[in-house]
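Novice: Okay, here's the structure, questions in a sec.
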Amino acid sequence: MLPYPQIDPVALAIGPLKIHWYGLMYLVGIGGAWLLASRRLNRFDPTWTKEKLSDLVFWLSMGVIVGGRLGYVLFYDLSAYIANPTLIFEVWKGGMSFHGGFIGVMLAALWFGKRNGKSFFQLMDFVAPMVPIGLGAGRIGNFINAELWGKATDVPWAMVFPPFSDPAQLPRHPSQLYQFALEGVALFLILWLFSRKPRPTMAVSGMFALFYGIFRFIVEFVRVPDAQLGYLAWNWLTMGQVLCVPMIIGGLFLIWLAYHRAPAAPVAPTA
């Protein structure tokens, strides 16, 4: 069994102001994505300035935050937030939905693309290889918050999470780290290597949806579902898995469509 590192969820406290690691991980993810997007910018569109890229990152970040929070409210705990709507604003306590954030990003990309002469999938293909940086950083934030841990297990790398998080004090799968490894590291490598060569429009977006859906679906088997939802069917199907099914199907369809439709402008390769 591995010891769980005792990390205060509050990274910095200045009087009543508290800066949480969870929030800092979002900044790390957004900053890392912006840096890598800057590296690809000239190949994506030589006419784009760093200022336009910053605008894109800003609006996509708003899509992640607003969509992620509202997605969690709608998909995972609607009744609690209806009873106490002010909880919606307590983002530092966790409660963000990737699938809600994904919808928020798509809406932001659709709006931004129309204003800047880019199609939806041109922007999504450009952005997709950077998204795993934010996903990985977010999973580290979950780990520091001691939330979203896995089922009890006797594997050698099991961890006992703090009593405030897990009163049962059982050795558990560190499922946040599994997701960091798959959704962060592995997905980044797949997309970065795949996009190094010119690809037809929609192919990179399809690869993102397909592999994120597969990785998340797999980890859900060892991750404890949200207490207010539990398993939806068969004592193993979770809300996360249900939401991943359309991503997997949609990803496969986009990849098929990208390679079978009439030729279109390919996504710019990665440097």
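Every residue, even glycine, has its Cβ placed from backbone N, Cα and C.
Feature table excerpt (Swiss-Prot):
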- 10-30: transmembrane segment (TRANSMEM)
- 56-76: transmembrane segment (TRANSMEM)
- 92-112: transmembrane segment (TRANSMEM)
- 120-140: transmembrane segment (TRANSMEM)
- 174-194: transmembrane segment (TRANSMEM)
- 202-222: transmembrane segment (TRANSMEM)
- 237-257: transmembrane segment (TRANSMEM)
Novice: Between the transmembrane segment (92-112) and the stretches 10-30, 56-76, 120-140, work out which stretch tops the count of Cβ pairs under 8 Å.
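Specialist: Per the Cβ under 8 Å count, 56-76.
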Novice: Six or more residues out from either end of the transmembrane segment (237-257), which same-chain residues have a Cβ under 8 Å from its Cβ atoms?
Specialist: 75-76, 99, 102, 202-203, 205-214, 216-217, 220, 223, 225-226, 229, 231
Novice: If we skip the immediate neighbours and take only residues 6+ beyond the ends of the transmembrane segment (10-30), which ones have a Cβ under 8 Å from one of its Cβ atoms?
Specialist: 57, 61, 64-65, 91-92, 94, 133-138, 140-142, 144-145
Novice: Give the nonlocal contacts of the transmembrane segment (56-76) in its own chain as ranges (CB under 8 Å, at least six residues past its ends).
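Specialist: Sequence-remote neighbours of the transmembrane segment (56-76) are 26, 30, 33-34, 37, 88, 91, 95-109, 111-112, 116, 123, 127, 134, 226, 228-229, 239, 243.
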Novice: Which residues, given as numbers and ranges, are at least 6 beyond the ends of the transmembrane segment (202-222) yet have a Cβ under 8 Å from it?
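Specialist: Answer is 98, 121, 124-125, 128-129, 131, 135, 150-151, 153, 173, 175, 178-179, 182-183, 186-187, 190-191, 194-195, 236, 238, 240-241, 244-245, 247-248, 250-255, 257-259, 267.
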